Amino acid sequence: MKYLIDLHTHTIVSGHAYTTLLENIKQASQIGIKILGTSEHGPKMPGAPHIWYFGNMNKVPRKIYDVTVLRGCEADILNSNGDLDIPERIQNELDYIIASLHDVCIEPGTIEDNTKALLNAMNNPNIDILGHTGNPMYPIDIDAVVSKAKEKNVLIEINNGSLSGSREGSYDNCKKIAQACKKKGVKVILGTDSHISFTIGNFDKVQKLLDSVDMPKELIMNTDEKKIVEYLKAKGKLKNFNLE
């Protein structure tokens, strides 16, 4: 299956990644990625950019090397209330937001604690994607999270980085999450979670997992540029944007 979109990518701006935005975009262009989202970590992550960085993202051109560039963020969920480390004013300016749990920003809790954080985060209409939900450090009630994602029209990310060793033990959780999404008709988005340009667009591990559960193509958001743009527009994003 051909994937045209990668929305979970990082640059040197995040403090622990190794290539620039232009290097990421150039790599995307060379391998046929049509839409690249840049999603730096929110400011509570050590080494992450100042909040002004996110407020200034409109300076990034929409088209570079014939790749459409979306301006996003991987925001940190800070507590069981689902609060993010990005102010609402800035949230409203971004093209999309991935919301994730990171242990340097929120202590791993019980299944109930972790699930509550994700469920409450999804009450924020600015959140579009839940990031790396298969992380075994944060066990969750998968059925409850996937059901809430369907209710709130939030995409569930299946993270290739998690399956490539960055979060050991994620495979079984990710497979269960994928199966739950298939059963409930919840859309998923594949993310590379790239911290270097060479992994942009590489969904090899996720592809094998999705094949193993026979995931319907219509539930995968990375296959069609129009599908992801229409999804974000329906949520009030990309107001003055049109695919060329």
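Placed from the backbone N, Cα and C atoms, the Cβ positions cover glycine too.
What Swiss-Prot says about this protein:
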type    : residues                   : note
BINDING : His8, His10, Glu74, Asp193 : Zn(2+) 1 binding site
BINDING : His16, His41, His195       : Zn(2+) 2 binding site
BINDING : Glu74, His102, His132      : Zn(2+) 3 binding site
Using C-alpha atoms only, work out the spacing between His195 (Zn(2+) 2 binding site) and His10 (Zn(2+) 1 binding site) and round it to an integer in Å.
5
Neighbours of the Zn(2+) 2 site His16, His41, His195: Cβ within 8 Å of the Cβ centroid, same chain, sequence order.
His10, Ser14, Gly15, Ala17, Glu40, Met45, Gly47, Ala48
Do any of His16, His41, His132 (binding-site residues) have a CA within 10 A of Glu74 (Zn(2+) 1 binding site), and if so which?
His41
Which binding-site residues are spatial neighbours of Asp193 (Zn(2+) 1 binding site) here, meaning Cα within 10 Å, out of His16, His102, His132?
His132
Residues flanking the Zn(2+) 3 site, with Cβ no more than 8 Å from the Cβ centroid of Glu74, His102, His132 and excluding those residues themselves:
His41, Asp76, Ile98, Ser100, Leu101, Gly131, Asp193
Rounded inter-Cα distance in Å - His10 (Zn(2+) 1 binding site), His132 (Zn(2+) 3 binding site):
14
For the Zn(2+) 1 site (His8, His10, Glu74, Asp193), what does the 8 A shell look like? I mean other same-chain residues with CB within 8 A of the CB centroid.
Thr9, Ser39, His41, Ile98, Gly131, Gly161, Gly191, Thr192, Ser194, His195
So if I draw a 10 Å sphere around the Cβ of His41 (Zn(2+) 2 binding site), how many other Cβ atoms end up inside it?
26
